[in-house]
Structures are given as structure tokens and as C-alpha cells.
Amino acid sequence: MNRGIPFRHLLLVLQLALLPAVTQGKKVVLGKKGDTVELTCNASQKKNTQFHWKNSDQIKILGIQGSFLTKGPSKLSDRADSRKSLWDQGCFSMIIKNLKIEDSNTYICEVENEKEEVELLVFGLTANSDTHLLEGQSLTLTLESPPGSSPSVKCRSPGGKNIQGGRTLSVPQLERQDSGTWTCTVSQDQKTVEFKIDIVVLAFQKASSTVYKKEGEQVEFSFPLAFTLEKLTGSGELWWQAERASSSKSWITFDLKNKEVSVKRVTQDPKLQMGKKLPLHLTLPQALPQYAGSGNLTLALDAKTGKLHQEVNLVVMRATQFQENLTCEVWGPTSPKLTLSLKLENKGTTVSKQAKAVWVLNPEAGMWQCLLSDSGQVLLESNIKVVPTWPTPVQPMALIVLGGVAGLLLFTGLGIFFCVRCRHRRRQAERMSQIKRLLSEKKTCQCPHWFQKTCSPI
């Protein structure tokens with residue numbers, strides 16, 4: 001019995017010695033679809049020696065015969081290679097190009113009667129739709145993975161947005177700051193592989209902008225895009241809602257072709273001017289109160305569903321003096337937090353309100369400033385000069401004028417009255433003289449009827 005135990009041990013040692021190679025621990029390598037991976041295999045001695053790479057089905061992929069690289073009948077024969085320059089250093093790695101998901105397998109390197117097993121897991125991460133998406137659209141990323149794997153994915157946008165999940169990741173509402181290179185990390189068996197995905201969010205650089213102008217100044221509207229494309233074609237329109245108007249109207253329509261802009265239609269009031277090159281640029285000749293309001297510029301790109309939008313606001317300021325009233329007004333969309341002020345330069349006289357109009361009665365002479373401010377920051381300023389007025393005896397002068405007019409009218413009336421009276425007396429005297437002359441000639445009336453017609457009582 002005691003002699004049998006050493007014999008069994010000896011038999012086990014002989015069986016181990018007869019094994020062609022010793023298998024080392026399996027390594028796990030993660031690869032990316034379409035990329036290149038290098039599976040390492042190192043000999044204990046730094047010299048050129050025989051080696052072979054096989055898959056899990058023991059099909060030869062490549063190896064060395066003499067000093068030449070030979071390839072087997074595997075499906076990787078046209079994509080597998082080895083670094084010949086490193087053979088003398090005992091490095092017999094296998095390089096696989098243009099990785100595919102089905103390349104995921106266990107690969108065996110046989111060198112110096114030893115075996116090294118490398119498990120290759122190939123993953124692919126792609127966007128389900130076009131990587132050029134309009135602002136507000138959804139982004140979906142899908143992970144391709146080999147059967148039997150259970151990876152996790154974490155992605156980070158250029159704007160710092162983090163999403164994570166399994167084989168599908170979704171971003172419901174893309175924002176303009178999401179445009180750029182997304183970094184996604186796939187984890188499996190405590191190993192990681194990193195993907196870079198370029199996402200282009202089609203949007204304007206700003207969602208909204210406000211232009212502040214004094215009455216009569218020229219207005220410039222600019223709509224820069226947050227992306228660049230080699231070929232950019234589409235059409236656009238600017239709708240405007242003036243503060244004083246009951247409804248909005250189209251101010252201008254245009255076409256965009258190969259980054260060149262051509263105007264299709266423009267209103268006559270106001271008559272906008274548009275630049276012919278990007279960025280989109282509009283000029284309003286004069287800022288007037290009737291133009292103050294809000295506009296919405298839309299841009300529809302060819303082969304894309306939906307439109308790009310940018311809101312633009314125009315605020316117009318007017319400072320006027322009428323009789324004894326100095327007024328400062330603004331028109332257009334303003335925040336209730338904004339402050340409107342009238343301030344006399346170099347003096348402490350100031351009138352401020354969170355309103356769209358302020359005024360001063362009987363203002364002092366000097367340069368007045370009309371200011372629109374936001375938390376102390378001046379957004380718009382207009383100056384108006386008030387000249388000094390000297391007091392004049394307005395009432396006595398008026399009385400003198402009125403008295404003169406009344407006297408003239410009275411004198412004229414008396415003159416007319418006396419002229420008429422004098423004329424009447426003259427006619428009466430002429431008639432009396434005629435009667436006396438007739439009587440003196442002893443001409444009397446022959447009948448009462450003639451007397452009544454020709455004679456008048458004395």
C-alpha cells in the first residue's frame with residue numbers, strides 16, 4: 001500500500017511532462033468595431049522562435065515557419081498580421097485590422113511549449129440616425145456587443161451632460177451645447193474601451209437676442225450659426241410682431257444656397273437690407289417706435305425635418321420735451337426689472353421708475369440723460385438738452401393787444417355810424433331844398449294822389 005502512493009505521484013508527473021504546452025491565465029482585451037487591436041504574446045527568452053496563433057476551434061491564423069510569416073485558413077487571414085521587427089525581442093503579437101463584432105473569440109498563442117489565451121470582445125457604438133440633428137431632436141446611441149457579454153456604457157457630452165445605460169442610450173432633447181465630440185466608455189470585466197462620437201446640433205449660436213437703439217439709429221440684426229457645413233442650402237423667413245400692431249407680419253423671405261443668400265421678398269415698410277454671405281445679417285435703416293417689438297427668424301435646411309429658430313427683440317428709446325414736460329419713453333419687450341431714469345448731468349436730480357415712461361415737469365436747464373438700466377448696467381442712453389426760458393409779461397401784453405383790437409373795432413364802428421348818419425342828413429337836406437324850390441316856383445300838387453307820391457310832409 002505504501003509503495004503505491006509514490007507510483008501514482010510519479011505517473012501524474014509523467015502525464016504533466018508529456019503535455020505539449022502549459023496554459024497561462026486568460027487575458028481579456030476590448031476592441032472597437034472598425035478599429036485595430038493588438039493581442040500580445042511574449043516568450044520568456046528574447047529571441048526569434050516558433051509561435052502560432054489559433055482560435056478557439058484550433059484553426060491556425062498565423063505563425064512562423066523558418067523566418068517567414070505564414071497564415072492559416074481562418075477568416076482573419078486577410079486582416080491578421082504580426083510585427084516582424086519585434087520577433088528578435090521575443091514579442092509575437094497578432095494584429096487584427098478592421099475589427100468586426102464576430103471577431104470576438106478566444107485566441108491562443110503557442111510559443112516555447114506554452115499557451116497564452118486572450119479573450120477578445122469587440123464592441124460598436126453608433127447613432128441610430130444622422131449625427132447632424134436639429135436642436136430639440138432626440139439622439140439615440142446603440143451598443144453592438146458579442147453574445148454573452150453584459151457591458152455598461154457611460155457617455156459625456158461636450159457641455160457636461162452625463163448619460164448611462166446598457167445597450168441603448170437616449171438623449172430626448174438636444175441642446176446647442178451638446179454639439180461636439182461625445183466621449184463614451186464601455187466597461188466589461190473590469191476592462192474599458194473608449195468611443196468618440198461627433199454630434200452636430202444644427203442651431204443658431206443664440207436662442208434669443210435683444211437690440212437696444214435710440215430713435216432714428218440704424219439697427220443691425222445678426223444670426224450666426226453654431227455649426228459649419230460644406231454645403232448649406234435652405235430657405236428662411238423673418239416674422240415680426242410690433243408692439244403697437246395687433247398681429248405679426250412677414251418682413252422678409254430669402255433662400256440660402258451654398259452659403260450665399262438671396263432675397264425673395266421684402267416689405268416696403270420697413271425695407272430691410274440683407275447681407276449676401278453668412279452669417280445671416282439684416283439691417284433696419286431707422287429704429288422707430290412703430291418697429292419696436294419681437295421677431296422670429298426661421299431657417300429650414302434641405303433634407304432635414306424641422307426648422308432652426310432664433311428670437312430677436314428691438315427696444316427703441318425716445319427723449320422729448322414738449323412745453324413744460326420732459327419725457328423719456330421706451331418701446332419694445334423689456335423686463336419688469338429694468339429701470340428707466342431721467343438724470344440731470346452733473347447734478348443729483350434724478351427720476352427713476354420700473355416703467356416704460358418717466359417725465360419731469362418744469363425741468364431745469366441743462367443736459368438731461370435718459371437711461372435704461374439693468375441692475376446698474378446701462379443698456380441704452382439718450383441725451384436731450386433743455387434750454388433756459390426767461391419770464392416775459394405775457395398777460396399785460398395780451399391785455400394791451402386785446403385793448404388795441406377792441407379800440408380799433410369801436411373806432412371803426414363809430415366811424416361807420418357817423419358816416420351813415422351824415423349821409424342820411426345830407427339826403428334829407430337835399431329833399432327839403434327841392435321842396436322849397438318847388439314851392440317857391442308856385443308849383444302845387446293837382447291832386448291828393450300826386451301829392452302823396454311826390455310830396456313829403458314838411
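Using N, Cα and C of the backbone, Cβ positions are placed for all residues, glycine too.
From a predicted model like this one, the values you see are computed outputs, not experimental measurements.
Residue counts for the domain 'Ig-like C2-type 1' (126-203) by DSSP state, with H, G and I taken as helix and E and B as strand, are 3 helix, 45 strand, 30 coil. Under the heading domain 'Ig-like C2-type 1', Swiss-Prot lists 126-203.
Per-residue confidence over the domain 'Ig-like C2-type 2' (204-317) averages 93 (mean pLDDT, predicted model). Summarising the annotation, Swiss-Prot assigns domain 'Ig-like C2-type 2' to 204-317.
Feature annotation from Swiss-Prot assigns N-linked glycosylation site to ASN42 (among others); the stated evidence is sequence analysis. Residues near ASN42 (N-linked glycosylation site) in space but far in sequence (CB under 8 A, at least 6 apart, same chain), listed by position: GLY90, CYS91, PHE92.
In sequence order, LEU238, TRP239, HIS309, GLN310, GLU311, VAL312 constitute the residues six or more apart from ASN296 (N-linked glycosylation site) in its chain with CB-CB distances below 8 Å. Among the features that Swiss-Prot reports, N-linked glycosylation site is placed at ASN296 (among others).
The N-linked glycosylation site feature in Swiss-Prot is assigned to ASN325 (among others). In the three-state DSSP scheme, ASN325 (N-linked glycosylation site) falls into the strand class.
Taken from Swiss-Prot, the feature S-palmitoyl cysteine applies to CYS419 (among others). In the three-state DSSP scheme, CYS419 (S-palmitoyl cysteine) falls into the helix class. A simple way to gauge crowding: the CB of CYS419 (S-palmitoyl cysteine) has 10 other CB atoms within 10 angstroms, across all the protein chains here.
Sequence annotations record features per position, and here Swiss-Prot assigns S-palmitoyl cysteine to CYS422 (among others) based on similarity to another entry. On its own chain, CYS422 (S-palmitoyl cysteine) has no residue at least 6 apart in sequence with a Cβ closer than 8 Å to its own Cβ.
Secondary structure at SER433 (phosphoserine), as computed by DSSP, is helix. Feature annotation from Swiss-Prot assigns phosphoserine to SER433 (among others); the stated evidence is similarity to another entry.
Residues annotated as phosphoserine in Swiss-Prot, with similarity to another entry given as evidence: SER440 (among others). SER440 (phosphoserine) carries a helical DSSP state (H, G or I).
What Swiss-Prot lists as phosphoserine is SER456 (among others), and the listing cites similarity to another entry.
Sequence annotations record features per position, and here Swiss-Prot assigns topological domain 'Extracellular' to 26-396 based on sequence analysis.
The feature topological domain 'Cytoplasmic' is assigned by Swiss-Prot to 419-458.
Note: the CA-CA distance between ASN325 (N-linked glycosylation site) and SER440 (phosphoserine) rounds to 85 Å. Ranked by how many other Cβ atoms sit within 10 Å of their Cβ, the recorded positions ASN325, SER440 place SER440 at the bottom. Here the C-alpha separation of SER440 (phosphoserine) and SER433 (phosphoserine) works out to 10 Å. SER433 (phosphoserine) sits 21 Å from CYS419 (S-palmitoyl cysteine), taking the Cα positions as reference. When the domain 'Ig-like C2-type 2' (204-317) is classified with DSSP, helix, strand and coil residues number 3 helix, 66 strand, 45 coil.
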